Amino acid sequence: MFGLKRKNKEMILDNIPNHIGIIMDGNGRWAKKRLQPRIMGHKAGMDALQKVTIDASKLGVKVLTVYAFSTENWSRPEDEVAFIMKLPVEFFDKYVPELDKNNVRIQMIGDRHRLPKDTLAALDNALEKTRHNSGLVLNFALNYGGRAEIVETVRELAQDVLDARLNPGDITEDLISGRLMTSRLPYLYRDPDLVIRTSGELRTSNFLPWQIAYSEFYFTDRLWPDFDGQALKEAISDYNHRHRRFGGL
Ligand code: FPP
């Protein structure tokens with residue numbers, strides 16, 4: 001999307017964003033262009049995710065949060081949903097060993113309740129197997145919805161006030177950040193510095209609405225399965241050309 005402008009810009013990778021969020025969009029269109037069923041796009045998307053994760057880890061990124069399935073995605077055709085839910089199972093068998101070797105730790109955010117049992121089991125295996133790794137955190141947003149996350153947090157805070165464990169006056173931004181699902185991430189890296197969305201859509205689609213308040217955004221026309229290490233560097237370079245002021249001067 002910003003490709004033409006970017007081509008004339010020098011590649012700068014001095015400042016690597018600690019936390020990158022990715023809305024991996026365009027799998028279906030990638031498959032359609034090749035006259036393949038949509039699920040082949042998700043498979044190719046998983047390959048891209050594996051490569052990008054390792055490249056990001058080599059660049060020094062600390063957290064990669066990827067939007068793998070939103071609470072709205074349940075409205076897709078049943079067989080597509082079933083296929084996406086099987087991806088973590090395949091991911092664990094085929095991909096996690098290499099990630100583990102690269103010191104990657106897997107985590108997840110999202111509502112576990114509606115996930116099929118074997119999807120959860122595969123995910124929990126990956127979480128457990130990589131629990132002691134100290135490298136990049138690959139954080140899956142799976143059955144995740146940002147507003148639902150905030151609603152849940154507000155309910156918990158209201159209950160704490162009712163039970164006289166909390167004074168409304170003590171509710172701060174930091175307290176709320178500490179109650180969201182991203183509070184399981186390393187403290188300094190809870191909020192994305194950079195959010196990338198592929199496939200040319202210019203929306204945030206309920207992805208981490210609280211956490212992206214000060215994030216930089218990078219939109220590209222590239223479809224997710226075509227996104228690679230070079231595309232990641234281009235996004236990071238674009239980020240390096242910006243000045244982050246957090247509302248100040
Ligand atoms: C959006 O493309 C993509 C998804 C809803 C699924 C993304 C999942 C992966 C890339 C694999 C993740 C891996 C694991 C282990 C869960 P789309 O289907 O909306 O594409 P379209 O907009 O072109 O139709």
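Glycine is treated like the rest: Cβ placed from N, Cα and C.
Annotations in TrEMBL come from automatic prediction, not curation.
Quick look at what TrEMBL lists:
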ACT_SITE  ASP25  active site
ACT_SITE  ASN73  active site, proton acceptor
BINDING   ASP25, GLU216  Mg(2+) binding site
BINDING   26-30, ARG38, HIS42, 70-72, TRP74, ARG76, ARG197, 203-205  substrate binding site
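Positions of the features from TrEMBL, shown on the structure.
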{"residue": "ASP25", "record": "active site", "contacts (Cβ under 8 Å, 6+ apart)": "ARG197, THR198, SER199, GLU201, LEU223, TRP224"}
{"residue": "GLY26", "record": "substrate binding site", "contacts (Cβ under 8 Å, 6+ apart)": "GLY41, THR198, SER199, GLY200, ARG222, LEU223, TRP224, PRO225"}
{"residue": "GLY28", "record": "substrate binding site", "contacts (Cβ under 8 Å, 6+ apart)": "ARG38, GLY41"}
{"residue": "TRP30", "record": "substrate binding site", "contacts (Cβ under 8 Å, 6+ apart)": "GLY41, ALA44, GLY45, LEU223, TRP224, PRO225, ASP226"}
{"residue": "HIS42", "record": "substrate binding site", "contacts (Cβ under 8 Å, 6+ apart)": "ASN27, PHE83, ILE84, LEU87"}
{"residue": "THR71", "record": "substrate binding site", "contacts (Cβ under 8 Å, 6+ apart)": "ASP111, ASN143, TYR144, GLY145, ALA148, ASN206"}
{"residue": "ASN73", "record": "active site, proton acceptor", "contacts (Cβ under 8 Å, 6+ apart)": "VAL81, ILE84"}
{"residue": "TRP74", "record": "substrate binding site", "contacts (Cβ under 8 Å, 6+ apart)": "VAL81, ARG114"}
{"residue": "THR204", "record": "substrate binding site", "contacts (Cβ under 8 Å, 6+ apart)": "ILE23, VAL195, ARG197, ILE212"}
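Counting other CB atoms no more than 10 Å from each candidate's CB, the binding-site residues ARG197, GLU216 peak at ARG197. Following the DSSP three-state reduction, the secondary structure of GLU216 (Mg(2+) binding site) is strand. For ligand 1, there are no nearby binding-site residues; that is, of THR71, TRP74, ARG197, THR204, none has a C-beta under 6 Å from one of its atoms.
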